[in-house]
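What follows is a single structure, written as structure tokens, with notes after it.
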Amino acid sequence: MADPPGCCHPCATCLLCLYSCQWITTDKEKRKGLRTTKCDCSWFLFLFFVFLVTLVWLYFAIIILNDFHNFNEFIFKQRKLWLDWSLVLLIATAMLITYSAVLLVLALGLQLCGRPLKLHWLHKTLLILTALVVAAAFTGLRIKWAEEWRSARISLQATGPFLHFGVVGGMTLLAWPLASFIYRTCHTGLKVFLLLVYCAVMIALYLAPLGITSPCLMEENQLPPKPALIGHRGAPMLAPENTLMSLYKAVDCDVQVFETDVMVSADGVPFLMHDEELTRTTDVQDVFPERAALNSTAFNWTDLQQLDAGSWFLERRPFPTVQSLSDGDRHQAKQQRIPSLEQALEAAKQSNISIMFDLRPENHSDYQSFVNATLEVILQSGIPLQQVLWLPDGFREQVKQQAPGLQQVYGRKRLQNEKEPLLRVNLPYQDMNSEEIRQYRQDNISVNLYVVNQPWLFSVLWCSGVSSVTTNACQVLKEMKHPIWLLPSSTYLMIWIVVDCASFLVILWAFLLLK
């Protein structure tokens with residue numbers, strides 16, 4: 001068989017040098033009788049496997065960015081160390097995928113040029129380490145963050161059609177080195193095996209769209225209304241969370257509801273705070289160093305008012321958007337203090353938005369007194385009760401009796417034979433599929449899902465018909481006038497046929513040209 005078209009010997013020598021970490025010219029290769037052995041083929045298959053697994057991990061890394069702020073908070077609670085670990089994740093993943101991809105390209109180039117695949121021991125070691133690192137990452141994800149596997153399944157509703165086209169394209173390009181190898185090898189059994197496996201994979205890929213479902217495969221006139229936005233602790237990408245500045249920034253983002261967390265001070269004043277300790281979002285370690293580890297409810301209101309609830313936002317930069325704040329916003333952030341629930345209700349009333357909150361900590365021995373204190377503030381605030389969305393489950397029946405006008409929101413799905421029909425539910429976005437969302441919508445049940453930050457996820461939920469989403473990124477989702485993509489099923493079918501036919505013709509051309 002002649003040398004493949006377009007394959008130059010100097011280029012092939014350079015490829016072999018990088019792959020084998022030694023300079024091997026064509027003459028030296030012939031003198032030593034170098035050829036690709038079964039062991040070399042095994043290492044190539046291992047390289048291909050590592051590349052695929054690392055590519056899958058890259059996909060997971062991109063998907064879990066939607067929830068990575070939760071991971072950053074978790075690490076801070078455990079280690080008292082704040083770092084945007086998403087950058088570490090992306091940089092490490094990019095290095096692993098780049099390394100394995102470069103090695104794979106080198107191997108495929110060598111195969112096309114008919115040169116031996118002599119992988120150096122250093123590359124072998126690094127490939128094994130790469131495989132171990134990725135395996136450890138998947139294991140950790142499964143043990144500590146299992147809900148992200150459900151996030152990945154949801155993401156396939158947004159990416160499935162495009163992943164299909166990408167995989168078909170990649171497997172089509174693989175036909176060239178495969179054809180080169182088949183024509184060069186003398187093992188008939190191996191030829192038949194590889195051809196059968198390749199054909200089976202391609203047939204499965206050609207038919208894969210039959211199993212691909214996405215709520216965004218619909219006609220334009222079938223698209224549900226855009227989900228309303230609920231500001232998660234306000235607008236935490238633009239201002240310190242759970243502050244009045246964050247509330248007003250959320251109002252600027254056209255949110256309909258300000259979502260927050262309420263605790264009650266030692267002297268009975270409800271205030272806004274998410275964490276059970278004050279260390280992450282205040283300067284309590286500087287003001288009250290001996291009491292910094294105490295529960296937030298152990299402080300009286302006078303003490304809480306002495307704390308700076310804004311400077312941490314500028315120092316730790318919990319989101320990349322902090323870097324782009326104006327000087328005016330930076331100055332305002334430094335002035336933030338912990339707001340009371342009374343102040344938040346007044347701001348919500350003036351801004352004509354609703355407020356939804358959790359009452360923490362649920363396992364506190366004085367929880368009933370917390371409920372009573374919170375209800376008292378709400379009833380005395382003068383805010384229309386229909387603007388208050390009540391989330392806490394504890395003593396809910398008592399709350400209904402004392403303030404029947406409050407909007408009751410449940411953190412669970414409806415039950416069979418429910419005595420009182422649910423009107424509002426608030427759930428993690430992983431807990432409801434598209435079919436359930438559609439069914440709740442038909443039954444006039446308002447569904448809010450949290451926390452939704454990435455446009456791809458917002459698009460899937462929009463197409464599914466969700467009523468509202470809780471988000472950290474209200475400034476991003478506000479600007480979306482349309483889902484990222486919306487495709488009629490007939491159009492997708494036509495693209496599917498065209499892509500599959502083009503792929504088949506390219507594969508046929510590869511095998512005929514290299515014969």
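Keep in mind that glycine also has a Cβ here, set from the backbone N, Cα and C atoms.
Under the heading transmembrane segment, TrEMBL lists 41-65 (among others). Sequence-distant contacts of the transmembrane segment (41-65) (same chain, at least 6 residues past either end, Cβ-Cβ under 8 Å): 71, 86, 89-90, 93-94, 96-97, 100-101, 103-104, 107, 117, 119, 124, 127, 130-131, 134-135, 137-138, 141, 145, 148, 151-152, 155, 159, 454.
According to TrEMBL, the feature transmembrane segment maps to 85-113 (among others).
For the transmembrane segment (125-143), the residues of the chain that approach it from at least six positions outside its boundaries are 43, 46-47, 49-50, 53-54, 57, 60, 64, 92, 96, 99-100, 103, 149, judged by C-beta separation under 8 angstroms. Per TrEMBL, transmembrane segment is recorded for 125-143 (among others).
Annotation comment: TrEMBL describes 163-183 (among others) as transmembrane segment.
Summarising the annotation, TrEMBL assigns transmembrane segment to 192-212 (among others).
TrEMBL lists 227-481 with the feature domain 'GP-PDE'.
Summarising the annotation, TrEMBL assigns transmembrane segment to 493-514 (among others).
Confidence annotation: the domain 'GP-PDE' (227-481) carries a mean pLDDT of 96 in the model.
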